[in-house]
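Here's the structure we're looking at; comments come further down.
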Amino acid sequence: MAARVLAPPGPDSFKPFTPESLANIERRIAESKLKKPPKADGSHREDDEDSKPKPNSDLEAGKSLPFIYGDIPQGLVAVPLEDFDPYYLTQKTFVVLNRGKTLFRFSATPALYILSPFNLIRRIAIKILIHSVFSMIIMCTILTNCVFMTFSNPPEWSKNVEYTFTGIYTFESLVKIIARGFCIDGFTFLRDPWNWLDFSVIMMAYVTEFVDLGNVSALRTFRVLRALKTISVIPGLKTIVGALIQSVKKLSDVMILTVFCLSVFALIGLQLFMGNLRNKCVVWPINFNESYLENGTRGFDWEEYINNKTNFYMVPGMLEPLLCGNSSDAGQCPEGFQCMKAGRNPNYGYTSFDTFSWAFLALFRLMTQDYWENLYQLTLRAAGKTYMIFFVLVIFVGSFYLVNLILAVVAMAYEEQNQATLEEAEQKEAEFKAMLEQLKKQQEEAQAAAMATSAGTVSEDAIEEEGEDGVGSPRSSSELSKLSSKSAKERRNRRKKRKQKELSEGEEKGDPEKVFKSESEDGMRRKAFRLPDNRIGRKFSIMNQSLLSIPGSPFLSRHNSKSSIFSFRGPGRFRDPGSENEFADDEHSTVEESEGRRDSLFIPIRARERRSSYSGYSGYSQCSRSSRIFPSLRRSVKRNSTVDCNGVVSLIGPGSHIGRLLPEATTEVEIKKKGPGSLLVSMEQLASYGRKDRINSIMSVVTNTLVEELEESQRKCPPCWYKFANTFLIWECHPYWIKLKEIVNLIVMDPFVDLAITICIVLNTLFMAMEHHPMTPQFEHVLAVGNLVFTGIFTAEMFLKLIAMDPYYYFQEGWNIFDGFIVSLSLMELGLADVEGLSVLRSFRLLRVFKLAKSWPTLNMLIKIIGNSVGALGNLTLVLAIIVFIFAVVGMQLFGKSYKECVCKISQECKLPRWHMNDFFHSFLIVFRVLCGEWIETMWDCMEVAGQAMCLIVFMMVMVIGNLVVLNLFLALLLSSFSADNLAATDDDGEMNNLQISVIRIKKGVAWAKVKVHAFMQAHFKQREADEVKPLDELYEKKANCIANHTGVDIHRNGDFQKNGNGTTSGIGSSVEKYIIDEDHMSFINNPNLTVRVPIAVGESDFENLNTEDVSSESDPEGSKDKLDDTSSSEGSTIDIKPEVEEVPVEQPEEYLDPDACFTEGCVQRFKCCQVNIEEGLGKSWWILRKTCFLIVEHNWFETFIIFMILLSSGALAFEDIYIEQRKTIRTILEYADKVFTYIFILEMLLKWTAYGFVKFFTNAWCWLDFLIVAVSLVSLIANALGYSELGAIKSLRTLRALRPLRALSRFEGMRVVVNALVGAIPSIMNVLLVCLIFWLIFSIMGVNLFAGKYHYCFNETSEIRFEIDEVNNKTDCEKLMEGNNTEIRWKNVKINFDNVGAGYLALLQVATFKGWMDIMYAAVDSRKPDEQPDYEGNIYMYIYFVIFIIFGSFFTLNLFIGVIIDNFNQQKKKFGGQDIFMTEEQKKYYNAMKKLGSKKPQKPIPRPLNKIQGIVFDFVTQQAFDIVIMMLICLNMVTMMVETDTQSKQMENILYWINLVFVIFFTCECVLKMFALRHYYFTIGWNIFDFVVVILSIVGMFLADIIEKYFVSPTLFRVIRLARIGRILRLIKGAKGIRTLLFALMMSLPALFNIGLLLFLVMFIFSIFGMSNFAYVKHEAGIDDMFNFETFGNSMICLFQITTSAGWDGLLLPILNRPPDCSLDKEHPGSGFKGDCGNPSVGIFFFVSYIIISFLIVVNMYIAIILENFSVATEESADPLSEDDFETFYEIWEKFDPDATQFIEYCKLADFADALEHPLRVPKPNTIELIAMDLPMVSGDRIHCLDILFAFTKRVLGDSGELDILRQQMEERFVASNPSKVSYEPITTTLRRKQEEVSAVVLQRAYRGHLARRGFICRKITSNKLENGGTHREKKESTPSTASLPSYDSVTKPDKEKQQRAEEGRRERAKRQKEVRESKC
């Protein structure tokens, strides 16, 4: 890196590329070749790869030249230069820079072998190529070409235009080829894949022109690919496309899994429903007329009869005949019809399960949930309601799981991309630092030299002047720095002028503070501020602050954004889109907020000075209101107009020229809060980010010239503009005027004015929301006047602010610009009110609603998230737009003609339907609809007119690319911009907005008034002094009680306060109000004698060292001991942790079985009778009774009994359907049961009251729920007894009994967990819901403006036909017809309309969920004017309104729910997760590895049989190859099943039968062989039992197929189940790791998903009972018919399951909205006393909307949250070095070495075992040394325990870690628990010690031998005898110390005593847990 970084940047780097340069390169190439002769062997190739230099990422072609290189010297733009990148020193390349400093790299070899780099033609080509105008022209050409492509019938002359385009593209390619060369060397034309695209497009153009290829239109569609050229022209798009391609690669595993799962489900569907969807009701018996007999010669044609449509039963108003089934729960036929297989399948024959391919399509449709309610209803009608189970499985496993896996994968890919970007940025920062250090050194040297020259203390000016004169003096530092990009003279002159001006102005004003002369040459004044209490003597310079706002400096964002400060991107907004920032979401983007880019970094001096002239504190003009840093500022600062309308000028906030340099400003209340001593220095804040070191070094390094440069680059406007601004936009003409300004400023900036304006906004919104149709003229008049008034108010506000702030500063603030825009529009609208067609301007008034965002953080956050996403998504949106465009054009070119020619196939009137591709707009709409997820219906039309293959391909591509990939990437970006930090930032930003301030002021006022009244009362009614104190005491009691219970705020009584004369309290009393701004709405302001400690989250306070001592010292003379509570938990979250009191259970071991007090202390004090003596008399009996009740209630059986009762009572509710009247017995039983249940529940409640006492009972939310439900039952019981059961109110109370099942919630742990999590999320869900409502309000009001009253139409009810415009034009025409005695004609409204805002909301909900939206859109598109008959597509561009709403209203807001829920769960996990947070990543990995290996134990392998033949079979069966062969057979069997179709011939059927027989024989053989080899052990393995059952069923199925099919399901289904065995094969395939991860994620999510499923079932249960009691008798129409209705419990559940995914809820709602005359109030229902079939619109809307919000938005999104969470965990685990499978294989191999499962292995086998393992645990031979080094403990008999080996091997893979021991201990406990072993083995030695013993024995032997040899004894026998004895002796001696020292070694084999201790501890722990569980129960 050193070489690369220290390449000297600056003007010297720019060297023109000359023939000498080329010669140098060639010389270097030759040298390098000589240096490194190529290696003969390829052995170390890889290492070389790593060590090779890599190209510098900042100097890549296409990127901007890094800032550090300065400006390009004159004359070197567009001239070939030598390459900057050292990497290319030995390659023939050169670079060229254009004016925008973009870098282009070319090959220095001759282009096309002719044109050298110095050739004139090539140089001209290069100049053209790199010029920005050239790319602009190409861009414009492409866009124009795109416009021409959208013509459906191009005019004649367009042919010539076509040639022009081709010519331009050819010219472009030629220029590129001449400039770059064609294809041989690097950087030539064809080396860039995007150029391949260009090349192919041009070739196609010429081929189609000169060669006749038949179908031209298909080839013309390839021209569309030209649109893709935009991607190659706009640099940022390439990155996004790269990311898309990455995510598609990552999706491969998910795709495989998806296809596999869908295939399995499709096979099941094929077997279950083959041919069912052709069942129709045919006229029966046949009417044998003459028509069927031709002169008696020909018989009856059965085929023709059943395929004749006229013989089918058609439901009125439906296009398809009615389906039916022959099972009891399927759809039935009416009288006179018989159910039989006839005709084709529904939907042109494309919806069926007749062949595998159609079944697969149906399943894909189910997975994407498009119009699946139709498939669901058809299938249940044809096959029976029981098959709902199939759909539940597919929707939950297929749809929710797989689709969200796609989302998870895309999100992960995005996250990885983001990480890479961040790392790159950090690396750049390091490089930048190194460069700056170098510059600094140069500069310091220069300055030292300068100092030496200029004797002593000459000012900087003098030095500069000397430099200017150039008399032997060194150059000024700015020149030395090599950054000097402009003539230094210019800059120096400017500096001088500025300095003089500053000095003169400073003198004039006589600044009280000393103005320091500029220490830096940037002309900025640095002021030294000393903090009041002199705790810090640091000079605070503006330079330090200005640094804070360098784009990308680490302090710019509030989060720890890792931004780069390397590639400074010249003038703010025009940054290079291809930069590393492309993918960054808002947090990590290089320049935090987009506003941040808009401002110049430094303030024009003059503006600053002027500004301060009336600020009253001119010296401090820079830091107006900066109380945070300078708390002792005078109050007068408040008037300074730098304050924006919010009263806040923040460093990073809404950017303003001034704001960028100011420290954060605060409000008056905060100034008061922070006492004079509080030390709030922003350096402290910087340190808190853990970046101090980096910051300091950068601060010291950024050179003055660099800052100067920045200043230049940040000023976007020419100097004349600033002059103009100073003269005309800053009004300071007269002292009186300034006085007036101050007064206006005081008024306008007051928080109360803000409050008033906010109230006006809310009122104005209300006024706009009150518009409806039809309105009375008076009401209309009121609204018009209201509008004028509000316009007036807002205009006045704007003008006053303009006066107060000056236009220049007014428009620096984003909100003000917004206000100004809206006010101008409103005024314009007033002027143009009467102009026709401009009523749309009224819609702009709606934008006022957004002004609420200023004071409503969540709305602000939502807008920010949308803003950030749109920002970060800018490129993605462009890519999406290009995709939509391309597909729309392709669709139009390919299918447009077909739609016109074959229109009669899809339309009865032979008119083009609404959805077609005949022109571009409609084609675009179809593609957009596919992106919304609705593809199947338009695809059927397409397939019918244009053939199946092409349509399937195009639609699937749009669906997969557009919907599944790009839209999920959108969602991933949304979720990422939703990170917790955003929420935290909005929750409490430390800053209070004016609204909060005004509310606090009002509260203070009220509190003050209370105190005054209190004092007044006391003065009048003179009482004793004791009484005087008492109310305060009581107040304290109450407050303390309430606060301690609920708010988690510690309160300390301050005992010695004194009263002063007016009854307020001195000392703490008066002052505490200043400091406490309590979230709990100031609950203690009224009580001035409390010191309150409010916890502030550490991570949240903007300045960490907030010294609270000051607060207490000021408030309390003795100095109270209150410090800030560090352990607070409100870390920016949306849920509050419970007060700590609850977390520490008070230990009461001996008396925890005693009941709690009955009443609260307050009650006992007031009513003495509540207090009884429990020692004697009645009190004692009462106490015994309570204890008995307590024992009963706490008993497990009691709880079980109650759960049983709850389930029974809930079940009883399910019987109360419409048939209950006819079933007298059941009805009577239910009535009695109801009473019994009520009595039991009342008894239970009384018992609990007695046992727990009222306090405990009524402080538990679950008990409240029980209480309310029991109360409802009791009321209805009493009402029945008194005979009031028919009263409406009592009836509706009875429906509330549906809530009974809710009681089950608290009883089932799983559901309770989910509900608790949900309850935690409710506040933020409600918040988002509210924001969504506000957001939708705008669209709703707009809808009312556009469509109110326009949805009515004239309609003939008998023929069900709408009148055309020429027959009936408007309402009056229709009424005339009605008067003409035509009873069947009506003027009717669409049920879902925009007549008022409420109705608009419902319509928008349908559009957002894409259900029923078509009818709403059609009505809008046909609308004309209020009360006019609609005209078909007369208002076609109204589609755009819906498109915009879908993007913003549906897309962003609905996905926001997912964001909020995921975010919330993560936060709750953080708070309550415990162990996860306190572990490092390493520990987690260890812990997971250990967790996995602890639960396993070595199993005894199945012993090999002794019989020889059995043994051979055993070996054969247990081989892996055998398993794989069987798997392949299973797959083949599946393939043969796929071949089956409904219409197959007899011959085919026979072939399939025999093939199947062969497979059955194979599987039977497998089964028999295994049973023979494995003997009785065969049945100890689950999979074998499964196989056995399947084989038996298959054999039985072969013989009894007919009988089984008649009574049960088709036997082939069992074969499908066999597919489950494929799961086993996955372990054997190494490549399937990704799929294993996905399945593992599913397994991990199952428990949580089961809990959510339970909760969902409970919700469905309650709603279906509610639906039965309210909508049972609704008229059958739309989505409600004889099968799908609310008449019985089963039917209700079927309907509600369908709505869980929001499918078809519009159809179910429509009949419920019926009112007479659409329904009858007197209709009789046989067998029931109920009359009428009308619905109840309000109840219906509430029912469906609440159900959709609960199920579709919340519960289903919880499902998504869990899948995303577990997927990331599973991915992490699969990335771990050790996975589950590795441990599995470890144990499998272990079994071979330890056949008896003793858990020990002999030392001698260890080396073989280690070698037999698989990677990564394997220790390959030779491994003796390594195994010895592991120091494994051994027990007697030289055996080693398996867990010790596993630990050692794991440690070897994962590396050592200090925390291993603790984890290890836990693992051992687990292992010992799961493998209770009778014998305890104590280790006596270890492998290392054993080796040491062996080695020492050998050494001793050698020594002794030598000793003997020296002594001369050579008699062998004696020697050997002695040696043997000595050896064993010594060995024994050696071993004693080893055993003694061993117990310290921590292994699994532990002494018994320790185990007993552990067991004892475990028992204690269990007892404690049981106690806690008892207490948690109600």
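Any Cβ shown, glycine's included, is placed from N, Cα and C.
Model, not experiment: these values are computed from the prediction.
What Swiss-Prot records for 1-20 (among others) is region 'Disordered'.
For 28-62 (among others), the entry in Swiss-Prot reads region 'Disordered'.
The transmembrane segment annotation in Swiss-Prot covers 133-151 (among others) and is backed by similarity to another entry.
With a cut-off of 8 Å between Cβ atoms, the residues of this chain six or more beyond the transmembrane segment (159-179) that come close are 106, 111-112, 115, 121-122, 125-126, 128-129, 134, 137-138, 141, 144-145, 148, 189, 195, 198-199, 201-202, 205-206, 209, 226. Look at Swiss-Prot and you will find 159-179 (among others) tagged as transmembrane segment.
Sequence-distant neighbours of the transmembrane segment (194-211) (same chain, 6+ residues past either end, Cβ-Cβ under 8 Å): 166, 169-170, 172-173, 176, 219-220, 222-223, 225-226, 228-229, 231-232, 238. As annotated by Swiss-Prot, transmembrane segment applies to 194-211 (among others), with the evidence given as similarity to another entry.
Look at Swiss-Prot and you will find 218-234 (among others) tagged as transmembrane segment, backed by similarity to another entry.
In sequence order, PHE312, TYR313, PRO321, LEU322, CYS324, CYS333, PRO334, PHE337, GLN338, CYS339 are the residues near CYS281 (disulfide bond), counting only same-chain partners six or more apart with C-beta under 8 A. Annotation source Swiss-Prot lists disulfide bond at CYS281-CYS333 (among others).
As annotated by Swiss-Prot, transmembrane segment applies to 388-408 (among others).
Annotated region 'Disordered' per Swiss-Prot: 446-530 (among others), in sequence order.
What Swiss-Prot records for 489-500 is compositional bias 'Basic residues'.
Annotated region 'Disordered' per Swiss-Prot: 576-597 (among others), in sequence order.
Annotation source Swiss-Prot lists transmembrane segment at 752-770 (among others).
Feature annotation from Swiss-Prot assigns transmembrane segment to 838-855 (among others); the stated evidence is similarity to another entry.
Here Swiss-Prot flags 872-890 (among others) as transmembrane segment, drawing on similarity to another entry. With a cut-off of 8 Å between Cβ atoms, the residues of this chain six or more beyond the transmembrane segment (872-890) that come close are 146, 149-150, 221, 224-225, 227-228, 230-231, 234, 236-237, 239-241, 244, 577, 582-586, 589, 920, 923-924, 926-928, 931, 954, 957-958, 961-962, 966, 969-970, 973, 977.
What Swiss-Prot records for CYS904-CYS910 (among others) is disulfide bond. In the three-state DSSP classification, CYS904 (disulfide bond) falls within a helix. Taking Cβ-Cβ distances under 8 Å and a sequence separation of 6 or more, the neighbours of CYS904 (disulfide bond) in its chain are CYS910.
Counting every protein chain shown, the number of other Cβ atoms lying within 10 Å of the Cβ of CYS942 (disulfide bond) is 27. Annotation source Swiss-Prot lists disulfide bond at CYS942-CYS951 (among others).
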Cα separation, CYS1354 (disulfide bond) to CYS1719 (disulfide bond) (Å, whole number): 18
CYS1354 (disulfide bond): secondary structure state under DSSP, collapsed to three categories: strand
Folded-back contacts onto the transmembrane segment (133-151), same chain, C-beta under 8 angstroms, at least six residues removed: 158, 161-162, 165, 168-169, 172, 175, 223-224, 226-227, 229-230, 233-234, 885, 888-889, 892, 920
Surrounding residues of the transmembrane segment (752-770) on its own chain - C-beta under 8 Å, 6+ positions past either end: 645-647, 779, 783, 786-787, 790, 793-794, 797, 845-846, 848-849, 851-852, 855, 993-995, 998-999, 1001, 1337, 1340-1341, 1397
Disulfide-bonded residues listed as CYS910, CYS951, CYS1354, least Cβ neighbours within 10 Å: CYS910
Candidates CYS1374, CYS1719, CYS1734: member of the disulfide-bonded residues with the richest Cβ shell (10 Å): CYS1374
Rounded Cα separation (Å) that holds between CYS1374 (disulfide bond) and CYS951 (disulfide bond): 43
Minimum Cα separation from CYS1734 (disulfide bond), reported as the residue among disulfide-bonded residues CYS942, CYS951, CYS1354 that achieves it: CYS1354
DSSP-derived class (H/G/I helix, E/B strand, else coil) of CYS951 (disulfide bond): helix
In three-state DSSP terms, the structure that CYS333 (disulfide bond) belongs to: coil
